[in-house]
Amino acid sequence: MNAHHALEWLPSYLVPFVSLSYPTPPPVNPDSFHHSAYYKTGVLDGCFIITCIAVMAVLRDVVRIFVLEPFARWKLTRAWKRSNSCHVQQNGNKNGITNGNGHAGHANNDSKPKSVMSARESRKIHRSVLRFAEQGWSAIYYTLQWLFGFYVHRNLPTQALKPTELWLNYPHSPLAGPLKLYYLTQTAFYLHQILILNAEARRKDHVQMMTHHILTIFLMVMSYFCNFNRIGCLIMVLMDWNDIFLPIAKMFRYIGLYTLCDITFTWFLLSWFVARHVLFVIVIKSAWFDGPRLISVGWVPELGHYYSERTYNTFVYLLVALQIIQIVWFWMICRVAWRVISGQGASDDRSDDESEEDKKSQ
């Protein structure tokens, strides 16, 4: 409530864009976030999401252009200079062997250092710089958001291995401020990702990514307004955990740290399997069986009770569809893992397709 008083100088139509809407008195005996402000849900929450998208767009460009791209360009340029210097030294050693009179042989032109990189090398470095920066933003976002989500999850009376607690005391309304903020920022991120996917050059997995993001947004919005927020929070924490490591693995690959790339990718593979094909399946099973067992089926909007047969079926089917997409991705990831085992190094089959120009230059 204090935040709204502090914003009284703003026009009323701007307040929803910079603060959480629908403040309400806290529950009499809350089971979590005892000292937090509480909020209801409503369409004005979309205003705050719009602001979050704008902030994320600015932050993404600032971090990419002024931090990640300069670092990657410096690292790759230094690596190119070192590689060029070593190449020159090796050629000099080969061509500078002394003859029988003790005079050194003349080095050929190959031993002269290259002062300017070729167009092909420049394009390759530029592409790696851009890709490094893109993945760097993803790594930063998922790390920070997972930490925030884990904090929210830890303060809720729920556990991944005890999913029945996700449904007890339904409906879970109103929402604590941190939980509401977590939901809105996550929704903003995936909407922002959809904008990026359609603005940038298409990758090999464009259709799968678009389908995944649309399903994810639909699930988040549905769980938000139907008060399935505890299962929604748990799922987002599970998904974000392993999404930290794939961009980091790609970052290592783009700057030539291939051993670290393979190690990180292996950890990503293990964390993906545990989070998305073990723990997430447990959550789906709970939504399928525990939900209707522990919650009375009914549609009572004035009580925040939206657990009807239709919402139950829709929610479960969407979770299953999300799992099917992840199974397809896991098969692709396993193909990459086979390349690591066979010594070919990690490269992600799901994305980062090279442009035709890059392929022709190779």
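Heads up, the Cβ atoms here are built off N, Cα and C, so glycines get one too.
Residues annotated as compositional bias 'Low complexity' in TrEMBL: 91-108.
Residues or ranges marked as domain 'TLC' by TrEMBL: 127-342.
For 87-118, the entry in TrEMBL reads region 'Disordered'.
Residues 1, 3, 16-27, 30, 141, 173-177, 180, 184-185, 187-189, 191-192, 195, 224-225 of the same chain lie 6 or more positions beyond the ends of the transmembrane segment (37-59) yet place their CB under 8 Å from a CB of it. Annotated transmembrane segment per TrEMBL: 37-59 (among others), in sequence order.
Annotation source TrEMBL lists transmembrane segment at 213-239 (among others). If you look at the transmembrane segment (213-239), the same-chain residues 6 or more away from its ends with a CB under 8 A from one of its CBs are 41, 146, 149-150, 152-153, 156, 158, 160, 163, 165-167, 170-173, 175, 179, 182-183, 186-187, 190-191, 193-194, 197, 275-276, 279-280, 283, 286-287, 304-307, 311, 314-315, 318-319, 321-322, 325.
With a threshold of 8 Å between CB atoms, the same-chain residues lying at least 6 positions outside the transmembrane segment (251-270) that come near it are 72, 75-76, 79, 128-129, 131-132, 135-136, 139, 242, 245, 333-334, 336-337, 340, 345-347. Annotation comment: TrEMBL describes 251-270 (among others) as transmembrane segment.
Positions annotated as transmembrane segment by TrEMBL: 277-295 (among others). Proximity of distant same-chain residues to the transmembrane segment (277-295), defined by a Cβ-Cβ separation under 8 Å and at least 6 residues beyond the stretch ends, is recorded for 160-161, 163-164, 166-168, 170, 231, 234-235, 238-239, 307, 312, 315-316, 319-320, 323, 326-327, 330.
Per TrEMBL, transmembrane segment is recorded for 315-334 (among others).
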